[in-house]
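Undergrad: This is the structure I want to talk about, given as structure tokens.
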Amino acid sequence: DEGCLPDWSSYKGHCYKVFKVEKTWADAEKFCKELVNGGHLMSVNSREEGEFISKLALEKMRIVLVWIGLSHFWRICPLRWTDGARLDYRALSDEPICFVAESFHNKWIQWTCNRKKSFVCKYRV
């Protein structure tokens, strides 16, 4: 897609790639940061962006749960995206730790950070 690396998909000035390999949340974030300059686990800033990535994960890769860049490791700190984006759009479940995006219903689900899941990297074009 325009401005993105090969095999990446573009949406509103950002590039995305779903990785089927499973990693812990921290390892997935490290992978995204090392893969491309400005890369992070994806932030989701609107319902439409969430639907876009759900389609990529579910329809193209047959993946239901993917790590996203939202975490609440210390619980005394506010929730934050790994890329520094503001948390203007929320689709939270009850008890935040790390989060996966669930592709069928476009919802975020708390998940144990040390479990291994597929993930989505995102960077600005």
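Numbering starts at 1 and runs along the chain as it is shown here.
Cβ coordinates come from backbone N, Cα and C, glycine included.
Straight from Swiss-Prot, here's the annotation block:
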type	residues	note
DISULFID	Cys4-Cys15	disulfide bond
DOMAIN	11-122	domain 'C-type lectin'
DISULFID	Cys32-Cys121	disulfide bond
DISULFID	Cys98-Cys113	disulfide bond
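Map the listed features onto the structure and describe their local environment.
TA: A 10 Å cutoff on Cβ-Cβ distances gives Cys15 (disulfide bond) a total of 21 other Cβ atoms nearby, all chains included.
Under the DSSP three-state reduction, Cys32 (disulfide bond) is assigned to helix. Long-range neighbours of Cys32 (disulfide bond) (same chain, six or more residues apart, CB within less than 8 Å of its CB): Gly39, His40, Leu41, Phe119, Cys121, Lys122, Tyr123.
Secondary structure from DSSP puts Cys113 (disulfide bond) in coil. Every protein chain considered, the tally of other Cβ atoms within 10 Å of the Cβ of Cys113 (disulfide bond) stands at 15.
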Undergrad: For Cys4 (disulfide bond), what is the tally of other C-beta atoms lying within 10 angstroms of its C-beta?
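TA: Taking every protein chain into account, the count is 17.
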Undergrad: Under DSSP, is Cys4 (disulfide bond) helix, strand or coil?
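TA: SS state of Cys4 (disulfide bond) = coil.
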